[in-house]
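These notes concern the structure reproduced below.
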Amino acid sequence: MVEDSQDTTHFGFQTVAKEQKADMVAQVFHSVAAKYDVMNDLMSFGIHRLWKRFTIDCSGVRRGQKVLDLAGGTGDLTAKFSRLVGESGKVVLADINDSMLKMGREKLRNIGIVGNVEYVQANAEALPFPDNTFDCITISFGLRNVTDKEKALRSMFRVLKPGGRLLVLEFSKPVFEPLNKAYDAYSFHILPRVGELVAKDAGSYRYLAESIRMHPDQETLKAMMNDAGFENVNYYNMTGGIVALHRGYKF
């Protein structure tokens, strides 16, 4: 049992040692990698594609720019950014999990996306890039899995160019109480069953539901981004606040 609360963190509803969380999260994503895209469509009824499209639209990414798609997984955002930045630009798809990174690389190469995409296994808390490297950073449904979110946000701030922007797309807190109750019922009762049927892994999708509940709400995450140095931070609620897109700038 860990007694020092400064050395513990949350893994879903469990309290675990900080040094254990990364390995526990890694096991979740090793387990779900092969069925990740299928489960995304099933879990969100395909709406995740609209959330990601809105993120792309809010990114302001242009031809020739350099983008970091952090926790990029199977590369949905990277595919879009690759076309936007063109041959003169670059997209780095980074993920801490090698199984997810492998799935992303194979998926993008199979649809002909090569040349301006680089793949890097990286921890968001200690990004292996020089200061002032990227015009835009996105992290999509990944921040809640990070052990030290404040450290990760500071790391993202460091590698952004002045004038660059960070976009955090993440599950958040529904703004309507009836929706909140229905969402809880879906997340804790239906979602694990779907995970068991499709991915043969109810436990990983139970963790998903729990990790969403433990993630900071909209205003708390906004304050965390401000504390990390970002300015003009705002957010957009989507699907009643089930998901929120936060955007902040480095000036």
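Just so you know, the numbers here start at 1 and follow the chain as drawn.
Backbone N, Cα and C atoms are what each Cβ position is placed from, and that goes for glycine too.
Lifted from Swiss-Prot, the feature list:
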- Thr74, Asp95, Asn123, Ala124, Ser140: S-adenosyl-L-methionine binding site (BINDING)
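What Swiss-Prot annotates, mapped onto the structure for a quick look.
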residue: Thr74; record: S-adenosyl-L-methionine binding site; CB count, 10 Å: 22
residue: Asp95; record: S-adenosyl-L-methionine binding site; CB count, 10 Å: 27
residue: Asn123; record: S-adenosyl-L-methionine binding site; CB count, 10 Å: 17
residue: Ala124; record: S-adenosyl-L-methionine binding site; CB count, 10 Å: 25
residue: Ser140; record: S-adenosyl-L-methionine binding site; CB count, 10 Å: 22
Collapsed DSSP category at Asn123 (S-adenosyl-L-methionine binding site): coil
Reading the DSSP string in three states, the entry for Thr74 (S-adenosyl-L-methionine binding site) is coil
Roughly how wide, in whole Å, is the group Thr74, Asp95, Asn123, Ala124, Ser140 that binds S-adenosyl-L-methionine, by largest Cα to Cα distance? 17
In the three-state DSSP scheme, Ser140 (S-adenosyl-L-methionine binding site) belongs to strand
